[in-house]
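Can you keep this structure in mind? I'll have questions shortly.
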Amino acid sequence: AREMSGMYRCQTSQYNGFNVKPREALVQLIVQYPPAVEPAFLEIRQGQDRSVTMSCRVLRAYPIRVLTYEWRLGNKLLRTGQFDSQEYTEYPVKSLSNENYGVYNCSIINEAGAGRCSFLVTGKAYAPEFYYDTYNPVWQNRHRVYSYSLQWTQMNPDAVDRIVAYRLGIRQAGQQRWWEQEIKINGNIQKGELITYNLTELIKPEAYEVRLTPLTKFGEGDSTIRVIKYSAPVNPHLREFHCGFEDGNICLFTQDDTDNFDWTKQSTATRNTKYTPNTGPNADRSGSKEGFYMYIETSRPRLEGEKARLLSPVFSIAPKNPYGPTNTAYCFSFFYHMYGQHIGVLNVYLRLKGQTTIENPLWSSSGNKGQRWNEAHVNIYPITSFQLIFEGIRGPGIEGDIAIDDVSIAEGECAKQDLATKNSVDGAVGILVHIWLFPIIVLISILSPRR
């Protein structure tokens, strides 16, 4: 190895117990090694009729003198030469065409071998980037089919030739066959521009895989794939929502598949006669024994710390003033009942929908609150479609039933007296959730017209 280069000292030692005359010699070891170069590999994307210059630099080599270089495109020799005092060699292409796209290799050679720089020069367009925060993407809701508003931006649209079209591929989840069509593009795509295409005649409630490939005069660019799913719109233009859990589908609330057990719909009139005493409500929030509510049953076999999570439907919202300092405010309120000596914890989360799902702690309360219904009010400021999650955590014993009722969402902030009294009287912790969207690209995306 080249690290072994250097001066070595050799000395005599005793021979069969006899002293010998001390002698020593110095030996210099010189290890020759081929040139180390950079870049080892570099991709260059450039449009036709444009120029490009590639540069291969020597980092170290031994011997450093009498270095030669060769530039090749594939197997075709382009240029050879010898280094003088410079530490790099360049190869320019004045005007790119189909004939001079490809892999360029620069070999720098000495007596010990060669180092190589490789350059992939291509006219391929970069992959598009799907936009996952489309407001109300299920824009048509017919009986058996639905339509989906697909949106995306183009990464570095000016890096190569103008994108003239996109090849759209779509297939139903679980199927093998792709259906393809071309989406024509008129004019130049600007960086950050939001492009929209409506997918129609999609079968409810099937999910679909979508593939998008940009096309230029060079040919196909890089593809990107996403999955779209049908979700029944609830209050697509959210103004007010109220759920007392009286209807059969419990207002489209659903159980979380990742928890330990489920919430249960119940009324006092229909509950099991073997219910655990000294815990749980005696009536719904209105005082009716026939009225329903949702609760967690903490009797055996439930264990301390186990969780039950109840998910609200997805609410779609549209920012009213994307240039303003705030998002639209909503007042989220609900009634909760936490009575029993073994009460655990009731948490509420705000889940924002997007490319990555984010859950923000919104409200929390724990411990025995007495045999009564309590009310909570919290301001929320969602920036995109959202869900609310009720999480009940089992306490140390069976007398730990937790119930909720009359969940409401109304546009506008909660009254100050509600926030001041309802959230503090029982020791609950209310958290105002302010989530701001900083990147200017999102503001541009929201305002960009559909193509």
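A Cβ is built for glycine as well, from the same backbone N, Cα and C atoms used for every other residue.
Okay, so Swiss-Prot annotates it like this:
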type	residues	note
DISULFID	CYS56-CYS106	disulfide bond
DOMAIN	35-122	domain 'Ig-like'
DOMAIN	133-234	domain 'Fibronectin type-III'
DOMAIN	241-416	domain 'MAM'
CARBOHYD	ASN105	N-linked glycosylation site
CARBOHYD	ASN198	N-linked glycosylation site
LIPID	ASP426	GPI-anchor amidated aspartate
In sequence order, which residues at least six apart in the same chain have a CB under 8 Å from the CB of CYS106 (disulfide bond)?
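The list for CYS106 (disulfide bond) reads VAL37, MET54, CYS56, TYR69, GLU70, TRP71, ARG72, THR89, TYR91, ARG116, CYS117, SER118, PHE119, given in order along the sequence.
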Out of these glycosylation sites, ASN105, ASN198, which one has the fewest other C-beta atoms within 10 Å of its own C-beta?
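Taking ASN105, ASN198 as the glycosylation sites, the minimal 10 Å Cβ count falls on ASN198.
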Helix, strand, coil residue numbers for the domain 'Fibronectin type-III' (133-234) per DSSP?
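Taking the domain 'Fibronectin type-III' (133-234) as a whole: 0 helix, 54 strand, 48 coil.
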How many whole Å apart are the CA atoms of ASN105 (N-linked glycosylation site) and ASN198 (N-linked glycosylation site)?
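Counting only the Cα atoms, the answer is 45 Å.
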Within the domain 'Fibronectin type-III' (133-234) only, compute the mean pLDDT.
90
Looking only at Cβ atoms, how many others are within 10 Å of the one on CYS56 (disulfide bond)?
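Looking across every protein chain shown, the total is 26.
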By DSSP, what is the split of the domain 'Ig-like' (35-122) into helix, strand and coil residues?
3 helix, 58 strand, 27 coil
